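According to TrEMBL, the protein carries these features:
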- 83-110: disulfide bond (DISULFID)
- 138-147: disulfide bond (DISULFID)
- 55-112: domain 'Sushi' (DOMAIN)
- 112-148: domain 'EGF-like' (DOMAIN)
């Protein structure tokens, strides 16, 4: 009996071990299934909620009559503002992009500085605005930068004395047993308080004599108590009352160019042009493929001179103001390979004609572009021709040359 009981006990133990092993296996499988499910849920949540892009603020523009420094609008980036000479900044000079997508500070604006707004001229003096400064024109009995000192002086030479339209009676009042007289803005007191008269100030002459800033881009016209600006023929006065803008006769159909010619707008006028291909010479001949381009006809295989001649000739017309500040880029030449054909691996640029006085240079701006620069200022009115060529090379072997014939119409004016 004891032997049988021992066998039964061992069998029971083995059965219990198998039962525990089976439960352990099912628990491990369940744990793996839970982990897999959690991993799937986590992946789907990551796809549903992508990482938000870095916060940014709306773009800011430079204020009128001012400049903006800074082009990045991400969080913590700064943008700075400054005004042109003669203007003062209103608002914030520096703005910072915040995490909520808004800028700190206030919108920047540039307001024209009015030096005369504080009425700095005393004792009936007339204030004239200048660029970042003012000038007081004092009555004869007063002198000083703000007419603060009493003096006896003759009427100024810039007063208009021989035209009744430029004279007015002063405004006088009795103050503390003393008669005080003053003139309207733009007029100057001449004579004594008892028989004084207000005479017009010729603002155009004042600024010309005193070496102040130019009141007008072109011509200043004196009128009683003030002045106005005028522009030459072919220009229109802008809204600021000082600047002149060229009239584009070509776009307004105000030209008289005949059929077959093209209207080119110039400063103060226009030109009618009819580009012509060069006449045939030997094996070299050209055909006009557009109003401003000629292409060389195919060359005989044995004709070296034909292959060396320009493959294309293009015509370009540029209007320029007089005395343009230099160096100034005027024109660019670039290469473009035909589809399916290898382009040149080297380019050479040069001035082929029209640079007798060294007004121009050609420089390479990148691998495939050359640039014509004006290096000596030109005074108008005049017309100048300059030719620029571009030679293409592949594996150091000459491929083709292209010629650009450029005509510059220099205006008589600096605007």
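Using the three backbone atoms N, Cα and C, a Cβ is placed for every residue, glycine included.
Geometry remark: residue 147 (disulfide bond) versus residue 110 (disulfide bond), CA distance 31 Å.
Comparing residue 110 (disulfide bond) with residue 138 (disulfide bond), their Cα atoms are 31 Å apart once rounded. Around the Cβ of residue 138 (disulfide bond), the same chain contributes 121, 123, 124, 125, 144, 147, each under 8 angstroms and 6 or more positions distant in sequence. Across the domain 'EGF-like' (112-148), the model assigns an average pLDDT of 74. Secondary structure of the domain 'EGF-like' (112-148) per DSSP (helix as H, G, I; strand as E, B; remaining residues coil): 0 helix, 13 strand, 24 coil. Of all Cβ atoms in the protein chains displayed, 22 besides its own lie within 10 Å of the Cβ of residue 147 (disulfide bond).
Note on residue 110 (disulfide bond): other Cβ atoms within 10 Å of its Cβ, all shown chains, come to 21.
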